[in-house]
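S.K.: Have a look at this one.
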Amino acid sequence: MQSGTCESFQSLSHQRNDEEAVVDRGGTRSILKTHFEKEDLEGHRTLFIGVHVPLGGRKSHRRHRHRGHKHRKRDRERDSGLEDGRESPSFDTPSQRVQFILGTEDDDEEHIPHDLFTELDEICWREGEDAEWRETARWLKFEEDVEDGGERWSKPYVATLSLHSLFELRSCILNGTVLLDMHANTLEEIADMVLDQQVSSGQLNEDVRHRVHEALMKQHHHQNQKKLTNRIPIVRSFADIGKKQSEPNSMDKNAGQVVSPQSAPACVENKNDVSRENSTVDFSKGLGGQQKGHTSPCGMKQRHEKGPPHQQDREVDLHFMKKIPPGAEASNILVGELEFLDRTVVAFVRLSPAVLLQGLAEVPIPTRFLFILLGPLGKGQQYHEIGRSIATLMTDEVFHDVAYKAKDRNDLVSGIDEFLDQVTVLPPGEWDPSIRIEPPKNVPSQEKRKIPAVPNGTAAHGEAEPHGGHSGPELQRTGRLFGGLILDIKRKAPYFWSDFTDALSLQCLASFLFLYCACMSPVITFGGLLGEATEGRISAIESLFGASMTGIAYSLFGGQPLTILGSTGPVLVFEKILFKFCKEYGLSYLSLRASIGLWTATLCIILVATDASSLVCYITRFTEEAFASLICIIFIYEALEKLFELSEAYPINMHNDLELLTQYSCNCVEPHNPSNNTLKEWRESNISASDIIWENLTVSECTSLHGEYVGRACGHEHPYVPDVLFWSVILFFSTVTLSATLKQFKTSRYFPTKVRSIVSDFAVFLTILCMVLIDYAIGIPSPKLQVPSVFKPTRDDRGWFVTPLGPNPWWTVIAAIIPALLCTILIFMDQQITAVIINRKEHKLKKGCGYHLDLLMVAVMLGVCSIMGLPWFVAATVLSITHVNSLKLESECSAPGEQPKFLGIREQRVTGLMIFILMGSSVFMTSILKFIPMPVLYGVFLYMGASSLKGIQFFDRIKLFWMPAKHQPDFIYLRHVPLRKVHLFTVIQMSCLGLLWIIKVSRAAIVFPMMVLALVFVRKLMDFLFTKRELSWLDDLMPESKKKKLEDAEKEEEQSMLAMEDEGTVQLPLEGHYRDDPSVINISDEMSKTALWRNLLITADNSKDKESSFPSKSSPS
């Protein structure tokens, strides 16, 4: 027993390859030859080109039946020449075999792969106690082990396997018992069938059959089980669910698997072709002639009563259950040492259908696979490693699919060989296998392993060059008047109701509260600046009213309700220029503005009618990122600028002398040389300077009367204010830091997942709430948010409606079309660039977009605001990006150690609608809003600007300038584009961004939209500096007029390649060239040449000779 590493596998040789378990649905098949019939190969081409073909079609059935006969014929041919499966044709690699297996079409749903939960149980013997199976490890995606103390699970980690254990596992599958598509209802039936097969094949002596059966039926102890198993009523209900689902005609709610009825279970045929389904003969003579084959209701009851009582009420780990995907099935690995065995017992079982076996798995889901490995004492660690190997294989994406679709043991062996062909070996002298490897953040796709190679040496589904991100049907010209708008309405109308029902989530509440605070301040600030520029004709109350009305209409009827409307800098510049022009020429500002607004709305509607939004496809990532980066930088810059401006309103004494604090004072005195404006204001107010007691005035009174400040505690224009500026700085940076920290709280190690998720969703709102409470508690008079308290126009000489002509000459209505053209470009570019950024494919939006409908709503509301004398509002880039980021959906069901998958965005209309409804109601909430410090809102602006920069490729490329090549991240474009070309692309983009910034902050800001439009032409000129392939990786490809013709040509070429195949047989591309390419090897053949594998085979051959001299005691069935 101790003579060799492989001695425990002596009995494996008794099961020959020709003694396969018979699949219940018919023939087996082999893919060891590469000369496939053309009809066969056609059934797999659909997989190669990635087209999903529904299962169960008539053609599929006919082709599958035909293929089954040919597979059986090939089986016989293969078995005659390759009996033990040790050698295969040199031109047939495991990858080819696996790709053929995965291309098989099945007539039922039993072989459709499901997610798998794998559990490793080992049998434990203790003195004075009954043996039991103890859970030692589990896999959903990564391995988790029960720690040595037995009290807790380890952190998930990437399983590292020894090559020796993988070879031993291959030997187990190759020589052990393989039972595929077994029909069974209970674990006892499974054990009966496995042991019957073992005995009939001479792999197990009949005199120990009963003891092995008893060992398999021992109770299972799982890590989550405690001594008191009936403390929680809900646990008992789960056990009851499991109990009911194992009864006849019941359905598993988790996996949707029907449990087999009480009909006599079908089993595999033995070598005498005696069907288990039609016979109740004694397969269990080793158990004293007891009847095991026939299952009567009475027998079922007796077995149930014999089962361990704790399985009825065992606990279920509800937290772990949430991580298991719906429809998942279980794979149970049972390994251990039995003192009465002198040979190893190995079995691989696939159940059909999956059955819920009470107490076997840690969680109540149906079991699909079982792997049993029992052997003599002294090899426990070896068995454990083999169990880990098969469990890890079951979590491998490719072998997992092979296990579901395998028709015989050779398919399973091919799956193992393909896995060995893909593994990475760590040198033993440079790595400690006991070190647990942390799960990676991003797991590479395994699709390439499932796809065959094509003649040019690339994969059929290899990495395709990325194409433009905005070439969908939404941007195709219809050639009809308002054709694009009609299609937008048809596209969005079916989702209108779901846009409201999908908002029933705490995430939407968090997004709404956060963005309400974020939107309020810029709207009020914009209104205040507009009031200063227009002498109060349009101010804060008009800005609030206009934003609320426009936002509500857009959120209800817009094509992309995730877009948030707001005020923009170029609009403010335009308003200043227009007001100055009207004042110089004596024109009515509001009337001329109404005329310009109506012309702008009309021009935008004409753009909608002519499908002009289709031009958006020329706005590539180059333009998007330059525009978005500029807006983000403006947010950051203005947040810091507002903070610095507080130093003027709240100055500090930079030359303090602590010894002279008792002499510090600041008094208000009469100005020595009052200005003419001051004297005029005094006369109009009937104020005499000599009558004023200047020393008794407050700071606000002294400032309003234009008094002067005198004293050591006085600044240039104001008294020094203690603490306010420094406190504002603390509030500002505390807001930024706390917002970022709480947003990342979802990935922290503290508190349960639900708590972390809620804190992350409400991060900014909680930050604002905390800062308001702290500011209120400290009591320092920091500047607060000022909201108008009365709903009426700022000036009494204007109403809520403005006539376009008014007192202006009639020709001004016609002349207004000239500035309206500029405004139209401004509105169109701002709106559509933001919409393009929101609608990018990376956001995985499912309800479609509506560029034409968006522009129509903005145009209509712009006309309404013009008539009512309200500010114009258009898509706000940073607010919209922040809105999208706050509504990101991640998979709730992720395996331990696996990063949650990004699923998309919660697309709905409610958050935007509620933001603007509450904004309009803010006039009635001034008593609450007056407690919000302005530095906190400035901090929120900085956080929004900085967080919106994440994911912008432009800034990732800027970082590359200061990184050595060996430390650069593995960006996909760095693999395909030379670094100097990447830097050149970045420099050009930085130059354009710098030019935009200069124009934005200068008096030429009115032409800012024209410069954004010019970026499109700059991008077009870059075609002369970069190849098309380089631009496809660095940027989106520009659309071309011949694109459709090129696509048609590619399709014709693909069809011609398929037509070149002969009518007879089709040969795989590697045939005839395999030996010419030394880089291509057959892992199965190369493995058979290794000393390790030969040692295993020699041991197996010796075992055959030994067993031939000691025939099995079992009688033939």
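Cβ atoms are placed via backbone N, Cα and C, with glycine included.
Features from Swiss-Prot:
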type	residues	note
TOPO_DOM	1-508	topological domain 'Cytoplasmic'
REGION	1-26	region 'Disordered'
COMPBIAS	15-26	compositional bias 'Basic and acidic residues'
REGION	57-94	region 'Disordered'
COMPBIAS	58-75	compositional bias 'Basic residues'
COMPBIAS	76-89	compositional bias 'Basic and acidic residues'
MOD_RES	SER88	phosphoserine
MOD_RES	THR93	phosphothreonine
REGION	244-312	region 'Disordered'
MOD_RES	SER275	phosphoserine
REGION	456-475	region 'Disordered'
TRANSMEM	509-529	transmembrane segment
TRANSMEM	538-558	transmembrane segment
TRANSMEM	562-582	transmembrane segment
TRANSMEM	596-616	transmembrane segment
TOPO_DOM	617-625	topological domain 'Cytoplasmic'
TRANSMEM	626-646	transmembrane segment
CARBOHYD	ASN673	N-linked glycosylation site
CARBOHYD	ASN676	N-linked glycosylation site
CARBOHYD	ASN686	N-linked glycosylation site
CARBOHYD	ASN696	N-linked glycosylation site
TRANSMEM	720-740	transmembrane segment
TOPO_DOM	741-761	topological domain 'Cytoplasmic'
TRANSMEM	762-782	transmembrane segment
TRANSMEM	809-829	transmembrane segment
TOPO_DOM	830-854	topological domain 'Cytoplasmic'
TRANSMEM	855-875	transmembrane segment
TRANSMEM	912-932	transmembrane segment
TRANSMEM	935-955	transmembrane segment
TRANSMEM	998-1018	transmembrane segment
TOPO_DOM	1019-1117	topological domain 'Cytoplasmic'
MOD_RES	SER1056	phosphoserine
MOD_RES	SER1084	phosphoserine
S.K.: Pick from ASN673, ASN676, ASN696: which of these glycosylation sites has the biggest number of other Cβ atoms within 10 Å of its Cβ?
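M.R.: For the glycosylation sites ASN673, ASN676, ASN696, the Cβ with the most other Cβ atoms within 10 Å is ASN696.
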S.K.: C-alpha of ASN673 (N-linked glycosylation site) to C-alpha of ASN696 (N-linked glycosylation site): distance in Å?
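M.R.: Each residue's Cα considered, ASN673 (N-linked glycosylation site) and ASN696 (N-linked glycosylation site) end up 21 Å apart.
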S.K.: Given the cut-off of 8 Å on Cβ pairs that are 6 or more apart in sequence, determine whether the transmembrane segment (998-1018) and the transmembrane segment (562-582) share at least 3 such pairs.
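M.R.: These two segments touch.
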S.K.: Restricting attention to the topological domain 'Cytoplasmic' (741-761), give the mean pLDDT.
M.R.: 79
S.K.: Considering only the recorded positions THR93, ASN676, ASN696, which residue has the minimal Cα-Cα separation from ASN686 (N-linked glycosylation site)?
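M.R.: Answer for the nearest of the recorded positions: ASN676.
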S.K.: Please count the residues of the topological domain 'Cytoplasmic' (741-761) that DSSP assigns to helix (H, G, I), strand (E, B) and coil.
M.R.: 16 helix, 0 strand, 5 coil
S.K.: Considering only Cβ pairs under 8 Å, which range in 626-646, 720-740, 762-782, 855-875, 912-932 makes the most contacts with the transmembrane segment (538-558)?
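M.R.: The stretch with the most close Cβ contacts to the transmembrane segment (538-558) is 855-875.
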S.K.: Which residue counts does DSSP give the topological domain 'Cytoplasmic' (830-854) for helix, strand and coil?
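M.R.: So the topological domain 'Cytoplasmic' (830-854) is made up of 16 helix, 0 strand, 9 coil.
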S.K.: Give me the stretch from 509-529, 626-646, 809-829, 912-932 with the greatest number of Cβ pairs under 8 Å to the transmembrane segment (762-782).
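M.R.: Per the Cβ under 8 Å count, 509-529.
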S.K.: Please spell out the DSSP helix, strand and coil residue counts for the topological domain 'Cytoplasmic' (617-625).
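M.R.: Residue counts in helix, strand and coil order: 7 helix, 0 strand, 2 coil.
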S.K.: Near the Cβ of the residue listed as 'phosphothreonine', how many other Cβ atoms are there if near means within 10 Å?
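M.R.: The Cβ of the residue listed as 'phosphothreonine' has 25 Cβ neighbours within 10 Å.
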S.K.: Thinking of Cβ pairs under 8 Å, which stretch from 596-616, 720-740, 809-829, 855-875, 912-932 has the most of them with the transmembrane segment (626-646)?
M.R.: 720-740
S.K.: Measuring Cα to Cα, how far is ASN676 (N-linked glycosylation site) from ASN696 (N-linked glycosylation site) in Å?
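M.R.: For ASN676 (N-linked glycosylation site) versus ASN696 (N-linked glycosylation site), the Cα atoms are 25 Å apart.
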S.K.: Look up ASN696 (N-linked glycosylation site) in the DSSP assignment and reduce it to helix, strand or coil.
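M.R.: DSSP assigns ASN696 (N-linked glycosylation site) to helix.
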S.K.: Could you give the residue numbers and ranges of same-chain residues that sit at least 6 residues beyond the transmembrane segment (596-616) on either side and whose C-beta is under 8 angstroms from one of its C-beta atoms?
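M.R.: Answer is 470, 475-479, 481-485, 578, 804, 816-817, 819-821, 823-824, 827-828, 832, 835-836, 851-852, 855-856, 858-860, 862-863, 865-867, 872.
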S.K.: Would you kindly check 720-740, 809-829, 855-875, 912-932 and say which stretch has the most C-beta pairs under 8 angstroms to the transmembrane segment (509-529)?
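M.R.: Comparing 720-740, 809-829, 855-875, 912-932 against the transmembrane segment (509-529), the winner is 912-932.
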S.K.: Measure from the CA atom of ASN696 (N-linked glycosylation site) to the CA atom of THR93 (phosphothreonine) and give the result in Å, rounded to a whole number.
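M.R.: Rounded to the nearest whole number, the Cα-Cα distance is 98 Å.
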